[in-house]
């Protein structure tokens, strides 16, 4: 196959790192451009843009995953990276086009789906969880340093240089895929012709969600995931704008916040998570993570001082253990031939939340009139911070209303999670699902009839 060397996890890791490093550089400039472009309803427009992007990604992910089974991974890696990074140079050319292309790019912004399929093609079953962990850790690592670098370069040389640098890194990523990344899907695994039919079931983004109510335990787990991840998705879309414009954080402070939160989250999801799983059990770990998430969101909602945001950020890192613990609970309790079905439901629900959460947060900010009347003043040339001039309109009741809504949502998730049994056998009647999985899965070697299929690849709404 064309490329450098044989297909490996490191090819996938480099693709992910370069893509998200480029976007991380633009964290601070994007917050400024967003408020300058939509000065009246900043949070509402931000929520709508991210919401449309999330919903389009949710709708298109299964189709792109199915097409990559026919045409190969490399071409779709190139396609998804190109369209995900296409808005970057538009930031300085036309902000309106920049945000419009960001929302529309959601159709192809599913790089993770294709990367996970690429990794599955080249790894054995027992190696796969470690390989996925490496890809996820690379995503976190790319965002630990890039916002700080972008904020520093923007302050010293201007935002135009940051946009040029991010564009150059995105082009480097595209060139790397073209030149260095070999095709991972063997020729013999593809259909005989490029015109091979793709069924509606393969492209249906709601296929996994239709099976949620077929088992009471699955229903409890899926409700827990929906209620806990909906506020998390909304928080990711608006929180750094909230820090910058409402709490008065400087660009450097926002970058430092992202870096510290990323490092603490990596520690929490590796060392702390393994210790908790061994000591208090799987279900109790989920309940503890939800408890931390409630505390964190309530703190964000009522917090009015910067130090409160930093303290709540440390709690947020601990709340990141929830989803890995839920995935582990499902993998332990589901039958071997049910793994793809149940994990597919969970990833489908998360994909849906990525569209609904940002729009919901933006709408709540709009309802409670949490808007700025003026931009924060720039920092002094000497590097010292000037007190930012900002204030909320008088009719805003609390600093962060959406975060309190999120805390209530997670509290409901906690109550639902209490009814999830620690040990049980999940039984989802999959029917055509298994047939559909067998027809377009991503096998890299023949599987025995009772062997577990890789869950993330049966439904590509990652």
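Glycine is no exception: its Cβ is also placed from the backbone N, Cα and C atoms.
The feature domain 'Major facilitator superfamily (MFS) profile' is assigned by TrEMBL to 8-425.
For 435-462, the entry in TrEMBL reads region 'Disordered'.
The transmembrane segment annotation in TrEMBL covers 12-35 (among others). Remote same-chain partners of the transmembrane segment (12-35), defined as residues 6 or more beyond its termini with a Cβ less than 8 Å from a stretch Cβ, comprise 42, 45-46, 77, 81, 84-85, 88, 91, 95, 98-99, 111-112, 115, 118-119, 134-135, 138-139, 141-143, 145-147, 149-151, 153-154, 159, 162-163, 165-167, 169-170, 172-173, 176-177, 181, 240-241, 244-245, 251, 254-255, 258, 372, 375.
Under the heading transmembrane segment, TrEMBL lists 47-68 (among others).
Feature annotation from TrEMBL assigns transmembrane segment to 75-91 (among others).
What TrEMBL records for 97-119 (among others) is transmembrane segment. Packing against the transmembrane segment (97-119) from elsewhere in the chain are residues 7, 9, 11-12, 15-16, 19, 33-34, 37, 45, 48-50, 52-57, 59-61, 64-65, 68-69, 73, 76-77, 79-84, 86-87, 90-91, 128, 131-132, 135, 139, 184, 442, 456-457, 460-462: each is 6 or more residues past its ends and has a CB under 8 Å from a CB in it.
Residues or ranges marked as transmembrane segment in TrEMBL: 131-154 (among others).
The annotation transmembrane segment is assigned in TrEMBL to 160-181 (among others).
Taken from TrEMBL, the feature transmembrane segment applies to 217-234 (among others).
With a threshold of 8 Å between CB atoms, the same-chain residues lying at least 6 positions outside the transmembrane segment (254-277) that come near it are 24, 27-28, 31, 137, 140-141, 143-145, 147-152, 240, 243-244, 284-285, 288, 309-310, 313-314, 316-318, 320-321, 324-325, 328. Taken from TrEMBL, the feature transmembrane segment covers 254-277 (among others).
The transmembrane segment annotation in TrEMBL covers 284-302 (among others). Sequence-distant contacts of the transmembrane segment (284-302) (same chain, at least 6 residues past either end, Cβ-Cβ under 8 Å): 224, 228, 231-232, 235, 239, 273, 276-277, 308-309, 311-313, 315-316, 318-322, 325-326, 329, 398-404, 406-407, 410-411, 413-414, 417-418, 420.
The transmembrane segment feature in TrEMBL is assigned to 308-330 (among others). Sequence-distant contacts of the transmembrane segment (308-330) (same chain, six or more residues past either end, CB-CB distance under 8 Å): 221, 224-225, 228-229, 243, 247, 249, 257, 260-261, 264-265, 267-269, 272-273, 276-277, 282-283, 285-286, 288-290, 292-293, 295-296, 299-300, 339, 342-343, 346, 350, 420, 426, 455.
The transmembrane segment annotation in TrEMBL covers 351-368 (among others).
Residues or ranges marked as transmembrane segment by TrEMBL: 403-420 (among others).
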- Query: What else in the chain is close to the transmembrane segment (75-91), if you only count residues 6 or more beyond its ends and a Cβ gap under 8 Å?
  - Reply: 15, 19, 22-23, 26, 29-30, 33, 64, 67-68, 97-99, 101-102, 105, 107-111, 113-115, 118, 159, 163, 166-167, 170, 173-174, 177-178, 181
